[in-house]
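Noted in TrEMBL for the protein shown:
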| type | residues | note |
| --- | --- | --- |
| DOMAIN | 6-76 | domain 'MIP18 family-like' |
| BINDING | G112, K113, G114, G115, V116, G117, K118, S119 | ATP binding site |
Amino acid sequence: MATAEQAHNALDQVKDSGSGRSAIEMGWIDQVRVIPPRAIIRLTLPGFAQSQRDRLAQEARQVLLELNGISEVQIEIGETASQGPIGQAGHGQSAGPQAIQGVRQIVAVSSGKGGVGKSTVAVNLACALAQEGLSVGLLDADIYGPNTPTMLGVADRTPEVSGNGAEQCIIPIESHGIAMVSMGLLIEENQPVIWRGPMLNGIIRQFLYQAYWGERDVLVVDLPPGTGDAQLSLAQAVPIAGVVIVTTPQKVSLQDARRGLAMFKQMGVNVLGVVENMTAFVPPDQPERRYALFGSGGGEQLAMENNVPLLAQIPMEMPVQEGGNEGSPIVHSRPESVSAKAFKQLAKQVLDCASQAS
Ligand SMILES: Nc1ncnc2c1ncn2[C@@H]1O[C@H](COP(=O)(O)OP(=O)(O)OP(=O)(O)O)[C@@H](O)[C@H]1O
């Protein structure tokens, strides 16, 4: 008997005729349920002509009917953004990017692949911007590995919710001078990953519009790695001042970073530049030495190929990792370290580039 996971995966065969990308990649699948012999799905198709909707629904129906034990398919199609109470994923997309009241600029941090230090960069960038005197929010949209609560030392806190029904509003948690909301604070750790993708679009929108951000100069968004639903959802939901692409110097991680960068360009999102993380290892007892453990030149190459600046090179230092584990980002715990200085420089560069772009 087919499972919801198999049904969700089967929808990968349904493609956008223009880009050739799958319905999953396009962020069209809001919900998949299987109650044999019936599969129930909810699609979000932004501003499509009826004929296009019909074609996609027909294709989805066909692939689902091929699954073992499914003889009936129920398809719901959404279009406009729904702003239900927090915790219930909204389904649908608004007509175009919609600014968040009180938030002046949104800067996204993304990477082609996981583990390159994207969250470390997002957290330290946010803290360094706050140290510059700005009012900063941090939205951790990395639904697959939301680790900013640990990095900011608030993993045991639950954000408060105020108001009722459609008026409900999530209150970000304050830590190290920034206001933070994370999927990690709301989603149970053991929730199957299969449900996270379809929930993404709705949850990102709710975190953007239904969190009480107040007046913020900058909202930093930590995206999941890759080129998936979250990147699309964010770009469709809000105007983005720019995106910072994080990579390590290895040539192998460049391939993924290139794909990520190309996706943002394709979506018309301004790429502020590249951050090369783990550039070289700095031994704790010899801060003047550098060991290029992962090779060198990757960040520079990526930046050059795309005609964008190399915003910063962050060395690999033990205190960066320790600060992350202990809930005290390095720009706070070791402000004089090589990495902290590099992060502060990055914050200034990001501000410059974002203000030039706007
Ligand atoms: N410059 C650095 N020096 C030392 N350790 C680092 C550095 N950057 C990141 N790390 C460590 O590497 C690990 C991965 O970093 P991080 O979680 O920021 O990566 P990520 O790209 O966000 O990963 P994910 O894909 O899981 O979201 C963490 O333990 C972090 O502390």
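From the backbone N, Cα and C atoms, a Cβ is placed for every residue, glycine too.
Small disclaimer: the values here were computed from a predicted structure and weren't measured.
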Additional residues around ATP, ordered along the sequence, whose Cβ is within 8 Å of the centroid of G112, K113, G114, G115, V116, G117, K118, S119: S111, P225, V246, T248
Where the C-beta lies under 6 angstroms from ligand 1, the matching binding-site residues among G112, K113, G114, V116: G114, V116
G112, G114, G115, G117 as binding-site residues, winner by CB count within 10 A: G112
Chain-internal residues, separated by at least six, CB under 8 A from K118 (ATP binding site): V109, S110, S111, D142, D222, L223, P225, V246
Within the predicted model, mean pLDDT of the domain 'MIP18 family-like' (6-76): 85
Most Cβ neighbours inside 10 Å, all chains, among the binding-site residues K113, V116: V116
In three-state DSSP terms, the structure that G115 (ATP binding site) belongs to: coil
CB contacts for S119 (ATP binding site) [other CB atoms within 10 A, all chains]: 28
Tally of DSSP helical, extended and coil residues in the domain 'MIP18 family-like' (6-76): 24 helix, 21 strand, 26 coil
